[in-house]
Amino acid sequence: MRNLGLLEITLLCSLFVYFRIDSVSSLNSDGLALLSLLKHFDKVPLEVASTWKENTSETTPCNNNWFGVICDLSGNVVETLNLSASGLSGQLGSEIGELKSLVTLDLSLNSFSGLLPSTLGNCTSLEYLDLSNNDFSGEVPDIFGSLQNLTFLYLDRNNLSGLIPASVGGLIELVDLRMSYNNLSGTIPELLGNCSKLEYLALNNNKLNGSLPASLYLLENLGELFVSNNSLGGRLHFGSSNCKKLVSLDLSFNDFQGGVPPEIGNCSSLHSLVMVKCNLTGTIPSSMGMLRKVSVIDLSDNRLSGNIPQELGNCSSLETLKLNDNQLQGEIPPALSKLKKLQSLELFFNKLSGEIPIGIWKIQSLTQMLVYNNTLTGELPVEVTQLKHLKKLTLFNNGFYGDIPMSLGLNRSLEEVDLLGNRFTGEIPPHLCHGQKLRLFILGSNQLHGKIPASIRQCKTLERVRLEDNKLSGVLPEFPESLSLSYVNLGSNSFEGSIPRSLGSCKNLLTIDLSQNKLTGLIPPELGNLQSLGLLNLSHNYLEGPLPSQLSGCARLLYFDVGSNSLNGSIPSSFRSWKSLSTLVLSDNNFLGAIPQFLAELDRLSDLRIARNAFGGKIPSSVGLLKSLRYGLDLSANVFTGEIPTTLGALINLERLNISNNKLTGPLSVLQSLKSLNQVDVSYNQFTGPIPVNLLSNSSKFSGNPDLCIQASYSVSAIIRKEFKSCKGQVKLSTWKIALIAAGSSLSVLALLFALFLVLCRCKRGTKTEDANILAEEGLSLLLNKVLAATDNLDDKYIIGRGAHGVVYRASLGSGEEYAVKKLIFAEHIRANQNMKREIETIGLVRHRNLIRLERFWMRKEDGLMLYQYMPNGSLHDVLHRGNQGEAVLDWSARFNIALGISHGLAYLHHDCHPPIIHRDIKPENILMDSDMEPHIGDFGLARILDDSTVSTATVTGTTGYIAPENAYKTVRSKESDVYSYGVVLLELVTGKRALDRSFPEDINIVSWVRSVLSSYEDEDDTAGPIVDPKLVDELLDTKLREQAIQVTDLALRCTDKRPENRPSMRDVVKDLTDLESFVRSTSGSVH
């Protein structure tokens, strides 16, 4: 009985196992394949996890409503797998190939990664394959030979690389192919022309090269073609074949040759023609007038020239016409007035002239008129006031004149009015903000008069108000309480009355400039409510009373200037909250009392000017704690007493010091440690003792201090020694010492005469030596002999550089003495050399921490030798563009400091040298880097000096890529030319690219490349994003550093403005960078 029981139990277990296994295996192959796929998914949404399950009663996934699964009519095989936008991640397993009846596969908008499985080729019934918007990588598998039914193929927006498989050309049923936004390379397959049913082709935003295949032009059904943002070249042939169905064509950001195809007019169905920055040349073909259906024409940022063809007026469906950033000239054709559907006319940055045809101002559909930076003239007609949809009227930097129509704004649609830099006269129209939409109110730099309309107080949408440099008068209106207003500049007018208190209610104001007016009364304490304010300039007015302590609420203030008013009292102690302040100007007022001790807490202060007040007492030692002081310290014309505090010697970065016209006493010895000083004025005090030798070569002023003297041991020019008496109290020599000196001198004279006799004898015999070639007035030099010995008489093996002005050698004299020797080759006219000698002696007196210091100069018959300290890190060009593999990447902070240092040096040449020195050839090769990566400008002054003296002088001075447009064919240079070159260097620092980079299309430089990229970039506030050096991407994830890069880019674009008068001075550049340096430390915002 017992054995029988065991047998029954065994049979029952066997049956259970049998039926269990049978139930598992009952799920068909498609179901098992799906479950296998599930194992490769990292993240599975609930809809999938809860429905993709084994069920003992079902044999197919079709009967249990598996999420995303659709089967055929029989309910046995899977035909559709649609998991689009399901939040899936992981990989696509090879089991996908087991779904052999699959017709539709849509896994788009997920986070799949890894390779595309080659087993997809087994899904031979596939008609629709969408794997777009994932993170697939690797090459596209060559599987399309077996997918003959494929009609829609979407692989766009992944990280796929490699070539486009030629087998795609065998997909004869293909209608829609999208592979854009990947990293595909190589050429577009010629076989793609076999896809005769193809209607939509998107290959944009890859790395494709070569020409568009000829077969592509034969696709008669092609309606939309997108190949922008590649490296395609060759000539374009659209219109030469049947393109009647082509609706959209975008070829932007490639490097094609030639111009717009003259036959393009044959593509009569075109709705959108976009060819931005394609390197197009030549003229705009008149055949484009045949495009009656086209609504968008964008040929911006090319090199198109000639006139705008009048035939464009036949494009009766045109809504957007963008021809900006080309070289178009002549007048705007009146035929454009026929474009009754035109909404946006963008012709800025060309060479257009004449008046805008009156008919264009009558196109009622116009929303944007952007024609700035041309040479257009004429008056603004009253018809502009009748454009009910006009949003943007941007005409700045032209030659428009006359009155602005008084009814402008009654059309209620205006959002931006920018007429800056024209010759408009008359009054400001009173209804500009009638529609309560106006954001930009910019009428600066015109000849407007009258008052600001009172209606401005109701305009709550304003963001920027610029009315500076006009002839406006009257009382400033009250401003509405606003959270959008960020910028107000009403400077350089004749406004009277008090500062509106209502400005204090505009909580997001970043900049207020009311300088150079006739404002009176007190500074309103309500301005202290502006917690984001970065710049407040109230200088050159008639303001009075004390500084309100409430201004301490402006905790982010960078720049505070109330100079040239009638303010009085002392500096409120509450201003210690200005921790970010970089510039403080209180000059030319009636302030009194001592310099407050709390100023030492403003450790980012780089410029302090409190001249011509009634400050008194001793200069506090705490001033020496202002380690960031660099641009200037001006305490002149006050009543300070006592000695200069020794702590002042800690201000090692200070470049300008003015303590003149006080009652200071004692020695100047503390100033000898200030190595960066390039301008000093200590005149009209009561200083005593020797003048520090480091100050004697600067633009220093010492008059009015009768007890100052020069040490007899100082090696200074005869002119300087003549101006000052020698210091007294030197040890009197005894009679026997005098006798010895006299005897020694006599022997020296005899030896010198003998040596001169030998030299003359050698010359008569025709013996040539290096020293014999030195001009007599220069004398012989022991140091020169050392230099020649160290370089084997300037042997080529010691060459470390060649430039436009000569060859540079490295001379190692031992004991750590390293020099760079520049050899200049002269022409044979000695008179020019004598002039050069005087000029170079002048250069030798120039001292600045960011300029290469000329140590010695020797003039010889055929050349001159200039001796400089050797710079171990080479040039900025070497550091930025030729970094060794092992070298660290030049990070953004270092690049910013380099930009700031160069600006300081160039500003000194332009504004602190008399006469000013124009460099003429600013470029990275002429900027040398010391061991601390501090930049030093070299070759300053040489371009002008050598113009008439060197063998190699060219007609046009400067280097291609750095020459300002106005100097392309001229030898005359100006400060503005240097500013342009500096702007190019800034762009190199931001982008990491050369001025003429190999990656640019032919004849494109870095300035035009940056402008073109930014013109098509969607985020107008992020000017650094699309151009920044890829090596900086990680570092610039820091919001503050990124903002700094954006502002530097904007500054570079201003420096490289086509019009010299629009460029900032180098002093302005220094100010902007210094303020930005401080501002970025404290906030991620920016001053606009």
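Just so it is clear, glycine is given a Cβ too, placed from its N, Cα and C backbone atoms.
Here is what Swiss-Prot records for this protein:
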- Tyr868: phosphotyrosine (MOD_RES)
- Tyr908: phosphotyrosine (MOD_RES)
- Tyr962: phosphotyrosine (MOD_RES)
- Tyr969: phosphotyrosine (MOD_RES)
- 123-146: repeat 'LRR 3' (REPEAT)
- 195-219: repeat 'LRR 6' (REPEAT)
- 292-315: repeat 'LRR 10' (REPEAT)
- 436-459: repeat 'LRR 16' (REPEAT)
- 487-506: repeat 'LRR 18' (REPEAT)
- 578-602: repeat 'LRR 22' (REPEAT)
- 1-26: signal peptide (SIGNAL)
- 27-739: topological domain 'Extracellular' (TOPO_DOM)
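A distance of 19 Å separates the Cα atom of Tyr908 (phosphotyrosine) from that of Tyr868 (phosphotyrosine). According to its DSSP assignment, Tyr908 (phosphotyrosine) is helical. Outside the repeat 'LRR 3' (123-146), and at least 6 residues removed from its termini, the chain residues within Cβ reach (under 8 Å) are 79, 84, 92, 96-97, 99-117, 152-168, 170-171, 173, 178-179, 184. Secondary structure counts, DSSP: the repeat 'LRR 22' (578-602) has 5 helix, 7 strand, 13 coil.
Neighbour list (Tyr962 (phosphotyrosine), Cβ cut-off 8 Å, at least 6 residues apart, same chain): Asp921, Ile922, Lys923, Tyr980, Ser981, Val984, Val985, Ala995. Around the Cβ of Tyr868 (phosphotyrosine), a 10 Å sphere holds 18 further Cβ atoms from the protein chains shown. Here the Cβ of Tyr908 (phosphotyrosine) has 28 other Cβ atoms within 10 Å, regardless of which shown protein chain they belong to. Tyr868 (phosphotyrosine) falls within a strand when secondary structure is assigned with DSSP. In the repeat 'LRR 16' (436-459), the DSSP tally of helix, strand and coil residues is 5 helix, 5 strand, 14 coil.
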